[in-house]
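Written below as structure tokens is the structure these notes are about.
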């Protein structure tokens, strides 16, 4: 578990690196100058690296083993940070950002496999919340060291957790499931050795044995199977939920704030010198809320928590937009920066309680096992598109619409997504969401059949 938490911490460093990089590249005396277009690409290229990292990790994990896949992902990130350190032009910085961002997407399949094959089930819930906390901690650390170190030195500092991560991976035993799939072992002691040896930690080896079927699927068969998924009503419903929950996560603005916090706070408060301290205060609040979300998730029903915090956060965000708009038009005599900063802090805390943590949980629970080949790819492609568009457009929107305009656009999309989800997201009752959707569909079909029978009678 420590490997993935360190990787999530490194992801926070990657996402927040524009906080240090972009202001330095816009300085008049810098040897590398970046305009608005290149600055937006430096911030958003992480979205493109996301889907590439996911595909690379998926292929390496399947054919080369868990240890090797993890090591390659870490090494690519190390190369990326070194390229950033030695960069002398924008192109090299772009490539370095892309390579260092591969871990953001590559962690997704590795996380699923590590939880399933290395981690005892009783630690799964704690990890799902701790990974969000590790990400927020990495962002906070990046914002702090940006105050006292230049962007090249920070690139070297970012190597430290990756080198530690690589050392831990080197000491890993290869997954028992991976060994069984290659050697066709069926020893129960072997498969339990990575996850503990209790009855709750047993891991089935049936799927690791070679298939005895004489028929092999062709490429066309795979394409037809992929297309047939879209004819299933329950699959379409899950797909819509996944699309909307991704919009809620990305449009909540957490990733935008991680990358462009300094520009946002400078625009909100009008005080460039104090922007760092306001940003740091919000970082600490976001990290604390990520920890507190783990407690709330045990006390409050997930659906209730998701919508109560989501709509509350949206109300606070719109209040902030109105305040900033009235201030910009001179309807409010003085702009009290502490009011804006506190409203933004409350917004991100509320959004992190439900929108961030529960949306991430939905991605793992929304699809049924029958769709396991299609659903992860569709989910990650959509996340990559949303993340890229959001991070790429934000610098341009800040220039043309201002902070209040950006938040109105993102808040409107987030609000519409929440409203639709309110009517289509079922109550889970502590069960897997995919099974709940199937039960809802069966109940609906039973009602229709009962109604038809009563009409016949």
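From the backbone N, Cα and C atoms, a Cβ is placed for every residue, glycine too.
Model, not experiment: these values are computed from the prediction.
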* Asked: Out of 18-39, 40-61, which range is noted as transmembrane segment by TrEMBL?
  -> 40-61
* To do: Could you name the stretch, out of 40-61, 68-87, 151-172, 239-264, 276-297, with the greatest number of CB pairs under 8 A to the transmembrane segment (381-399)?
  => 40-61
* Asked: Do any residues of this chain, six or more beyond the ends of the signal peptide (1-16), have a C-beta under 8 angstroms from a C-beta of it, and if so which?
  -> 46, 70, 73-74, 77, 97, 100-101, 103-104, 107, 110-111, 114, 118-119, 123, 127, 130-132, 134-143, 158, 161-162, 164-165, 168-169, 172, 255, 258-259, 261
* Same chain, outside the transmembrane segment (276-297) by at least 6, Cβ under 8 Å from its Cβ: which residues? -> 19, 125-126, 129-130, 132-133, 135-137, 139-140, 143-144, 147, 254, 257, 261-262, 265, 268-269, 305, 337, 341, 344-345, 348-350, 352-354, 356-358
* **Tertiary contacts of the transmembrane segment (40-61) (same chain, 6+ residues out, Cβ under 8 Å)** => 14-15, 18, 21-22, 25, 34, 68-69, 72-73, 90, 93-94, 97-110, 113, 259-260, 376, 380-381, 383-396
* State, in range form, which of 68-87, 126-145, 239-264, 304-326, 405-425 has the highest count of Cβ pairs under 8 Å to the transmembrane segment (151-172). => 68-87
* Structure fact -> Confidence over the domain 'Major facilitator superfamily (MFS) profile' (1-429), expressed as mean pLDDT on the 0 to 100 scale, is 79
* Asked: Near the transmembrane segment (126-145), which same-chain residues lie under 8 Å Cβ to Cβ, leaving out any that are not at least 6 residues past its ends?
  -> 1, 4-6, 8-13, 15-17, 19-20, 111, 115, 119, 154, 157, 258, 261, 276, 279-280, 283-284, 286-287, 290-291, 293-294, 297, 352, 356-357, 360-361
